[in-house]
Structure formats: structure tokens, C-alpha cells
Amino acid sequence: VALHILAQNASCSDPRRVSANTSTIDLVQLLEWKFKEELLNIRIHGNPLTSYYQLSLDVLALCQVNGHFSPAIASTLLSPGQKKYYFDTKFSVDTAAVSVLAQICLLTTGQSLPPKVHQKIRQNVQWLVDKILAEKNSSGVIGNIYSTGLAMQALSVSSSYLEPGAWSCLKTLQRVLDEIPRGTFNNPMAASQILPSLEGNSYLNVSRLNCSMDSGKENHLPLPTPRPTSSTSRPPSISVTYTVADGVNNTFNDSISVTVPQGSVFFKVMEEAQNKDPNKFSFTYTWYSWGPYITSVRGLKADNKKRTYWQLLSNGISLSKGAGDYVVSQGERLEVRFSIY
């Protein structure tokens, strides 16, 4: 919902009046309700229904559209914490970056904040910025290449929290530009996180768009001319080993050899394994902004309340790409492992 609100704002549409079939939806009111549900779940279970990444997005979106929420509660919610900003033992640059954007929004909207809340937010941002900077490497990447776009946005809007020379924006930008021809950001969500920084902007600029400049204008973009597709031969097949394992309760650990066309993604391997042996390799998934997200394997469901999820690995190493984006290779050892974050 938060991303939909940002998208509506970016397209100069009112997120409080979104047409859906024959009715109108108030996305802001819906997000306010969902945010309250998240806070209630934290009070009862100690964890959000979704994640602190999503909560940071919620605060950012509500801040941009002047939604009803408490900045004081938000400042406490987004304060430093192991469970908030670490995924397993690894610091989540994505979560930290969105949290910085959300809290900078709170500081710059012109809303009068109590001195203690203002100070708390500044302390939060400083801690997060320091942690983000600690994740940059010599090539300019911050965290991994996919978290770099959000990190660039966060650091660009929090420059007053950086020591001189602490970060070379040009170096990071050049690394991003080098990756574009390689198809690294072909996923629409990955592209959406990189594009603002390429224009010297961030998600905070969404609320500053001058929509009146486009008022009364009609934009007629030329439609691309369809090109005939030439027939191509079938790609060669490759074989991989696919494993499903319960890494929390140790109730199962099964492997299977799977053959798929060269160029296939992880998700295709999962489908083929399920077709060959549904008793051992069945799975369910849901679609989200990055593509298919695995919700259960063999009936064992991921549960945010218990901080469990299905981790994707290749040759024992956790993947930074999702099941719908990671292209597998000949002889690779792929695994979906039930884990705790």
C-alpha cells in the first residue's frame, strides 16, 4: 500500500481517491489502518506483521501525504535495534536506508516536533547513516548491488550527518552505471530504487512534484513499432541439484536432480522439482514487488511472528536475488532452507 501511495503521488494522482472497478479506495486511510495493525502486533508478539523495512516504507508514505500517525511513536519504532535492522546476523542496508528516508521526511516536512522527538530522530539517523557507511566496499557498492540504490538515496538526503570524505557518491554512481548494461537492474523494483539517484533525487522528491505544470496537457507518447520475432532453436538443457531443508526443526532434508533449459531462473527449478515429486518438493508463493516470494515448502509456512522465512542459497551461499530473477548454472547446488532471521 505504501508503494502504491508513492506511485500515485509520483503520477500526480490523489492516493485518497483511487478508482477500483466501480468504487473508490482511500489508500491513505487503508495504510493508516494497516500501520495500526502492525503496531498492535508488535505490542502483542514483539514483531511486526510484515517487517521493519515495510514499517519504514509506511512511515515514509504517511509522512509524504500528511497521514495520521504519531511521529513520537515512529521515532521509537525506527530506533536502533538488532531485530529491526539485522537479517540473521547481517545488517540490512535496505531497511536502514528506507528508515533514514522516512525520518528525514519527519524532520523536513515543516511539522513542529517536540524537542525530545526531534533529538531522538536525529540520533536514529546518525546511527543508521554510520551503519550504512560501514557496509560500503572499495568498489562503491553499499551492502550489495541491489541495496545500493536505496543507500544512495539515504546518504544523499542525510549529507549533514556524514563526515567529509566519508562517501564518494561519484564512485558509487559509476559502479551503478557499469552494472546497467549487464542487466543487473532489469527487475522493475530494482530499477525504481536506482533511477531517483541517477537523476539526483530520492523518494522524498515525490511530495515536491509540481503537478500543476502538467495540468491540462495531454501526453501522447509514440507507441513502439512491433518487430517480427525470428524463430530460434531451443536452448540446451542444464542439470542442477535442488535441496529443500528444514533448518529450524530439522524435520526434513531432501535433494533431487533437476534438468531445465539454460537461462532458467531458480523458480523454474522449484517448479520442475515439484512436478517430479510433489510430496517432497511442493511449495507455495505469493507475488510481491520483487516477484515471487516463497511462503511455504512441503506445508511448512514462513511466519513473521516467529521470524522464520525460506532462504534461497546457491552452493551454500545466501542469494541476493529472488527466485524469479536468479539465473541458475550447470552443476549448481541450489537450496531452499527454512531459517530464522
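Every residue gets a Cβ built from N, Cα and C, even glycine.
Note: TrEMBL annotation is automatic and uncurated.
These come from TrEMBL:
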DISULFID  CYS63-CYS105  disulfide bond
REGION    215-237  region 'Disordered'
COMPBIAS  228-237  compositional bias 'Low complexity'
DOMAIN    263-338  domain 'Transcobalamin-like C-terminal'
For the domain 'Transcobalamin-like C-terminal' (263-338), provide the mean pLDDT of the predicted model. 93
Tell me, how many other CB atoms lie within 10 A of the CB of CYS105 (disulfide bond), whichever protein chain they belong to? 24
